[in-house]
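Listed features, source TrEMBL:
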- Glu94: active site, proton acceptor (ACT_SITE)
- Tyr134: substrate binding site (BINDING)
- 17-134: domain 'Gamma-glutamylcyclotransferase AIG2-like' (DOMAIN)
Amino acid sequence: LQCLNMSGANKSTIWFFGYGSNMDSENLSKKKGVEVLQSTPAVLRGYKMAFSLAAIPLAEPFFANCEKGSESDNIHGVAFETDADSIAKMDKVEMGYDKASVILEAYDGRKLDGYVYVNKPQREVRVGNPSGRYLRLLINGAKAAGLNKDYIARLEATPVYKPSAETLAKRAALTSATYPTKEMTQEALGKDLSHFVSVFGYIIDAGPSTGFFSSHRGKDITNRMLRHYLNLPLDSVEDPQDAEHLPNLKLLESRPDAVDFVWTWFDQHASSGTVVARHAAFLAAQEVDSSTGKPRSQWTIPTA
């Protein structure tokens, strides 16, 4: 789409409509690498938003989806003007969606030609509850953008995913069992590290890597998932796997919400894998150095 930028100079720019986590401009720039040239609150008429994009069952069960609705349906969100390079980055992140050309009504009265990400026709459509992390992104983005207060209230009333009693019982059984302590190396585990993922120091044999969650393989992902929960960049930050840099759980006592979210990733990986060992370096990170009296881990809760 060719649009005229606000300075009046001809430039190839594109408007797209953010209605889910993409309403948050900070999330767009930090985690998705999008350059926002300008933004405005806007309404997309004739569509409705539903949490109907099935995703990761035990961690991020459903994401927001834009569906064709009646003439009276509408979605409030944020229209962003950006460039083609940023859209290429967005398309890689939003590969689970198609794009539809739409007309956006800015709160200031402008009509903007743009596009919106919509569900792929072949995907199964079911409605469910989003994670608390994901819904918080939507609410924070809506408030920061100054969206309609009634629309924000509707978002705030959305129920969020909670692990079932069966899932919690399985988690309790797995984490109360006794496992050998092993280094997370191929020599210690007897298989290529791409088979394994660790959460809170529980090493799970998740089977051969198929590319899905490849960023999780061969490491403890506790810190990575904490960064994800806190809406911080993931792949641009080093994540050392030694006792001096792995998380110290004592520091997380003040953030039970974040801990609960990371446990859902344990649930997810353990649902199709087998816990085989405890991560030696992760356990060492919980220890106190006898010579200094200080925690061995120098890790701190991630911040921007």
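In case you wondered, yes, glycine gets a Cβ from its N, Cα and C as well.
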Pop the Cα-Cα gap between the residue listed as 'active site, proton acceptor' and the residue listed as 'substrate binding site' into the table, whole Å please.
15
So, by DSSP, how many helix, strand and coil residues make up the domain 'Gamma-glutamylcyclotransferase AIG2-like' (17-134)?
24 helix, 59 strand, 35 coil
Most crowded position, judged by CB atoms within 10 A, among Glu94, Tyr134 as recorded positions:
Tyr134
